[in-house]
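TrEMBL lists A:104-280 with the feature domain 'Protein export membrane protein SecD/SecF C-terminal'. Residues annotated as transmembrane segment in TrEMBL: A:20-40, A:129-149, A:156-176, A:182-202, A:223-247, A:253-276.
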Amino acid sequence: MPSFEVPDVDLSQYSMRELFAPPMAVLAVALLVIGAWVAVTGAPVNYGIEFTGGTELVVESDASQSEVTAAFEQDHDSIRSIGTGGNQYLITFQSEDQQSLNQQATDAGFEVVQSSSTDPTFGSSTQSLAVLGVGIAFLGMSGVVFLLFRTFVPSIAVVLSAFSDIVVPVALMNVLGIDLSLGTVAALLMLIGYSVDSDILLNNHVLRRSGGFWESVHRAMRTGVTMTVTSIVTMAVMTVVSYYFGIELLTDIGLVLVFGLTTDLMNTYMMNVTLLRWYKFEGVAR
Amino acid sequence: MSWLRENWRVAFLVVLLLASTVALFGPNVAGDEAAEASADRATNLQYGLELSGGTRLRAAVVGATAEGVDVTQDNEQAMERDVAEALSLESRDVQARIASNVVEVYSENSTDEVRGALDDLGYGYDTVRDGVTGETRETMRETIASKVGGAGFSGADVTTTETQTGERYIVVEVPGQNASQVRGLIAGRGEVELWAFYPENGNQTNATVLTREDLADISPPRVINERPSVPVVLTDQAAPRFAEDMRNYGFTTGNGISNCQYPEGGYCLLTVLDDEVVYDASMGSRLASSLEDGDDFTNDPRFFITANSMEEARELQVNLRAGALPAELDFQDSYFVSPSFAERYKPLSLVTGIAAAVAMALVVFLRYGDPRVAVPMVFTALSEVVILLGFAAVSGLALDLSHIAGFIAVIGTGVDDLVIIADEVMTKEIDSNRVFKSRFRKALWVIGAAAVTTIIAMSPLAVLSLGDLRGFAIVTILGVLIGVIITRPAYGDILRRLVTGQH
């Protein structure tokens, strides 16, 4: 039976700086992107219609994409063909006047099979709730991690890694033009829980087990990389399949998890390993 | 017995799997009729709007409330009248409540305008806030429920919710109907009145002659004299007053009968919905003579409210039955998916889930090569989903797309933990049960720690009113709990039997 092995990477041949710099650079770039977004658009992310208000329609029609958009007097934000039949279009509008949009679609002979609209004031209250939710989840996770390890450096390593695991996907979403939706917020929260798995595993092997530092890291890596790669593959398949079927919520969640878990691979085995190495070899001796 | 003590986790897992299978495919265990009707044929699972089609509307109630106003038996009515007059509203738009000392204004007036009116009138108050009282919202909820039910939309659900930021909403869910139908039904207050339209001193005048309070009985609409009509019976108090009004306005004179040229002139009985005239009728000769006599009408106070179409008559009847909403609704968001389109999501999301599970299984097989490790791993990860589905079937949880996302996320976290157990147990040759147990306990520490962080991270979503993502969070948390307590330890037991060769 064919099998893949987690590649043996000898991390000890690299200096601490060589291992620590790339994840920090990626984090810095991500923060820079988000900062630039705040400066230019006034918000750290592109909020979707659930947060800004607006309407999303799925219409069924044999007409072409340009004929579909021409049927509406309001400017559309985006349109794409979804589903397997090729005659369904998902269109989003800034306007929250769902009734008039529905009417225009019906008048043009399209069948509206799905529609959702959000009022801007309701959207902004959802937005503040979402920020609150992510904040509480992150603080809660940090609290649990500190309680579990009761030492500063290993705990802050986990928290820093989780922070980067959230920030990098958010920056990637901005660059790739993916709007923040309720689905992506759920995925970001999921990442907080998901990404600490491999970090906890690493800390546990290094701090609570007998054996040399590099041997422990090596064992944690074998397990951790398998875990994360399995999750990435599962989520990537879910993303692709659900995108093809036009199930937006699953695509959103899957994509953000793929970004975050990939970032986590780098953070755990470059940044966290280095922080633990410093703690084991220099921090404790001090 | 000792076998059971050693392998109770595996035994428990098997029992749970069997129970879940029965719950999913067996005769309906939930038993109630609603579940019976909405349950899918193939399984006992129930589906929410996103997967079965329908409309969900969320609306705030329009109005402002002054709190800490000294409302007494004596000044209640005067206060309502004064405030309404100051804000150029009708007196029904202002509600003073003695018990809670509040004055509600059911209009789009700003809180500043309400404060100004109260200041000018000299009524003291503590605060004026947007929104209405809980009593009003409850009345709204009941009225909307009775309208939606009266319109024949079955399975509808009307609830009031409050977000953590303090906003309160009314949520209306109606399976199978489209948004504009439902919206049309509850968009206005639904206040039906009968107005008399007649000449007075040379000018045409309107006067309200019947409101809902004047009706003792409202029958289903039918066609009477070739007109779609709602037959009603007036109350004993209203009947003589109505007859007197009709006589005073001249409807029973020769000029008043069969003489309606609305809106130019003549004598008309206007059917009015939310202050808009929907139908104008003229006085019939038979009714006129009965009203002229007075006693004749009072003894048998039957009357017809007429409309243009049966559909309109039905709407009038629904509105009359349920009564008018005290205030208007301000729609915040709406969601509609047609039943045929929603139905399509079921197989598609099932295929997505299966694709994700197959991908997971492939990676696990490629990584471990050894089917003795991989097969139970895939089996255990999937059994968590089966148990969750069984739980959903038993508890009557209405599944939506967010739950499906949760199931797939559970496969993901589940397999993570199984990899930890497998690697931990298999690092060196296992020669004794004791070594196995100590390794297994170490693995469980990591799994427990990871589970706690996942639960903590997802709990805000389970509590906060962030759309329908609550389902995702609840499924994920439940999945983690079932995994850590039952299925993942059971995998450890299975692995031990296979690896140490003990039976």
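Just so it is clear, glycine is given a Cβ too, placed from its N, Cα and C backbone atoms.
Keep in mind the model is a prediction, meaning the values are calculated, not measured.
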Statement: Here the stretch out of A:20-40, A:129-149, A:223-247, A:253-276 with the most C-beta pairs under 8 Å to the transmembrane segment (A:182-202) is A:253-276
Query: Which one, A:20-40, A:156-176, A:253-276, has the most C-beta pairs under 8 Å toward the transmembrane segment (A:129-149)?
result: A:156-176
Message: Restricting to CB pairs under 8 Å, which listed stretch, A:20-40, A:223-247, A:253-276, is in contact most with the transmembrane segment (A:156-176)?
response: A:253-276
- prompt: Taking a Cβ cut-off under 8 Å, which residues six or more beyond the ends of the transmembrane segment (A:20-40) line up next to it in the same chain?
  reply: 46, 163-164, 167-168, 170-172, 174-175, 263, 266-267, 270-271, 274-275
